[in-house]
Amino acid sequence: MTAQHTILKIRRPDDWHIHLRDDRMLETVLPYTSRFFGRAIVMPNLTPPITSVASAIAYRQRILAAVPQGDNFHPLMTCYLTDTLDANEIVSGFEQGVFTAAKLYPANATTNSSHGVTSVATISGILEKMQKIGMPLLIHGEVTDPAIDIFDREARFIETILEPLRQDFPELKVVLEHITTKEAAEYVIAGNDYLAATITPQHLMFNRNHMLVGGIRTHLYCLPILKRNTHQQALREAVASGCDRLFLGTDSAPHAKHRKESSCGCAGVFNAQAALSTYATVFEEMNALDKLEAFCSLNGPRFYGLPVNDSWIELHREAVTFPEEIALGDESLIPFLAGQSLNWSVR
């Protein structure tokens, strides 16, 4: 990374966790990612989910067809793990270069996760093969027991599910996605080279007070849910530490406006258009701009065993205002930081 006055030049970043959806939604949101990101790990929780090599290839083709002319963007596909998935399908997809990783959703933990895994024991054969071939496991790390408070579900998952899983499969590469708690940050930083984590813009910039005080701000509602400010501060300190197993994952998850602004609104924040500006803002606030490029552009490729991108982007320290709404056919999206401004723009 080079810095000259108010310009930061960094390797083109990658997004290691994104929801691109499909059809009109895909066509609407993809340009906000493909413009500045070289690659993205694409979540498989469509309806129906991506559980086969054939469906992953077809979805990748739909994504590539929606990439605007002039953008050099490569989607990295994932397989949705289920209790009944054939392990050979996973291995075949990975060896063919179709699947980059496999995603573990605890059943009913988040959007479109009803087909998810009911118990790690049911997929032990798959995990054994993934460990053998070096295929990363991506985890939505929350328990789904209704007796566990929603704000405690990540910490409980680490204690009761993730740690035993890592003991059973010590050389399985694991990414604990969108971490939100002090417990998760400490656990990952204390881990070994087989454990990494992604962190979203919203969990670095906001805490649950921002979502709940003075009125409910539905467009900050996501899963895992925003936590108290002590957890937010722990995440900020974690990225500022320079740990090379923490990297960018926006978890950008668009929903139409009417699906967010309802009596039972959907979980998900569409942040692709503001993500890099947000990360730069947070890293500057933490006096850690020298760590920004590694978080955005270097740590992820290193963990996945992929080359870094050979192109660059620039972040300029100048005000940028984000749109109030984004058209979605006859509907619209309300983006992260709608109508607000930050002091870092991307070129």
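Glycine too: its Cβ is placed from the backbone N, Cα and C atoms.
Record features (Swiss-Prot):
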ACT_SITE  Asp251  active site
BINDING   His17, His19, Lys103, Asp251  Zn(2+) 1 binding site
BINDING   His19, Leu20, Arg21, Asn45, His140, Leu223, His255, Ala267  substrate binding site
BINDING   Lys103, His140, His178  Zn(2+) 2 binding site
MOD_RES   Lys103  N6-carboxylysine
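Overlay of Swiss-Prot feature records on the structure.
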| residue | record | DSSP (3 states) |
| --- | --- | --- |
| His17 | Zn(2+) 1 binding site | strand |
| Lys103 | Zn(2+) 1 binding site | strand |
| His140 | substrate binding site | coil |
| His178 | Zn(2+) 2 binding site | coil |
| Leu223 | substrate binding site | coil |
| Asp251 | active site | coil |
Starting from Asp251 (active site), work out which of the binding-site residues listed here (Asn45, His140, His178) have their Cα within 10 Å, and give them in sequence order.
His178
Spatially closest candidate among His17, His19, Lys103, His178, the listed binding-site residues, to His255 (substrate binding site) (Cα to Cα):
His19
Considering the binding-site residues Leu20, Ala267, which residue's Cβ sits among the greatest number of other Cβ atoms within 10 Å?
Leu20
For a quick check of packing: other C-beta atoms within 10 Å of the C-beta of Asp251 (active site), how many?
27
For Lys103 (Zn(2+) 1 binding site), find which of the binding-site residues Leu20, Asn45, His140, His178, Leu223, Ala267 come within 10 Å, Cα to Cα.
Asn45, His140
Apart from His17, His19, Lys103, Asp251, which residues in this chain have a Cβ no more than 8 Å from the mean position of the Cβ atoms of those residues at the Zn(2+) 1 site?
Ile18, Ile41, Met43, Asn45, Leu138, Glu177, His178, Gly249, Ala253
Taking the recorded Zn(2+) 2 site as Lys103, His140, His178, identify the other residues of that chain whose CB atom sits within 8 Å of the mean position of the site's CB atoms, giving them in sequence order.
His17, Met43, Leu104, Tyr105, Thr110, Leu138, Ile139, Gly141, Glu177, Asp251
Taking Cα atoms as reference points, which of the binding-site residues His17, His19, His178 is nearest to Leu223 (substrate binding site)?
His178
Could you state the CA-to-CA distance between Leu20 (substrate binding site) and His178 (Zn(2+) 2 binding site) to the nearest Å?
16
Indicate the candidate from His17, Arg21, Lys103 with the smallest number of other Cβ atoms within 10 Å of its Cβ, considering only these binding-site residues.
Arg21
Other CB atoms, at most 10 A from the CB of His255 (substrate binding site):
25
Cα-Cα, whole number of Å: Asn45 (substrate binding site) versus His19 (Zn(2+) 1 binding site)?
8
